[in-house]
Amino acid sequence: MPRDTKISKVGSNVTLINVMKIAGLNTLGISLARIDYAPLGENPPHTHPRATEILTVLEGTLYVGFVTSNPENKLFSKELRKGDVFVFPQGLIHFQFNPNPYKPAVAIAALSSQNPGAITIANAVFGSKPMISDDVLAKAFQVEKKTVDWLQAQF
């Protein structure tokens, strides 16, 4: 059944099935997620510190990608259609975006851990509690402090 994507500012809804939901997954090293995407919705840049992810598109189209580690920071990306599969290596920043302004998309992701973890980059950087100093972030992103303050206010 389609999940509500309107509850998210980014237009997606991730339904994770892991050891916390099904105790029988304990010690099996797997979990699963259904991701529903609104038109132009995304699963924003994030990482799984304890799992590789394999994503299969069930409906619609997704633009997906991941970025390698320093110093290359190379983007590997592809537009996927129904039935296509893509792998996101453990620990690397990755994303999915529905480029269709009229139709939703749905995908299933399998993860190689019973507890893969998820770190959404923008939430972690701009929404941490307590906040990371705007001096630190302004220098890191090479922007004005007022830009950092505005970004932090969004979270």
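Including glycine, each Cβ sits where the backbone N, Cα and C put it.
In TrEMBL, annotation is done automatically, which means it is predicted and not curated.
A quick note: this is a predicted structure, and the numbers were derived from the prediction, not measured.
As written in TrEMBL, here are the features:
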- 5-149: domain 'Cupin type-1' (DOMAIN)
- Asn43, His48, Glu53: oxalate binding site (BINDING)
- His46, His48, Glu53, His94: Mn(2+) binding site (BINDING)
Residues close to Mn(2+) site centre defined by His46, His48, Glu53, His94, Cβ within 8 Å: Thr47, Ala51, Phe66, Phe88, Leu92, Ile93, Pro116, Ala118
Number of Cβ atoms other than its own within 10 Å, given for Asn43 (oxalate binding site): 27
Sorted by sequence, non-Asn43, His48, Glu53 residues with Cβ within 8 Å of centre, oxalate: Ala33, His46, Thr47, Ala51, Leu55, Phe88, His94, Ala109, Leu111, Pro116, Ala118
Average pLDDT across the domain 'Cupin type-1' (5-149), rounded to a whole number: 95
Densest Cβ neighbourhood among His46, His48 (binding-site residues), 10 Å radius: His48
Spatial separation of His94 (Mn(2+) binding site) from Glu53 (oxalate binding site) - C-alpha basis, Å: 10
Length of the line joining the Cα atoms of His94 (Mn(2+) binding site) and His48 (oxalate binding site), in Å: 9
Cβ packing number for Glu53 (oxalate binding site), 10 Å threshold: 24
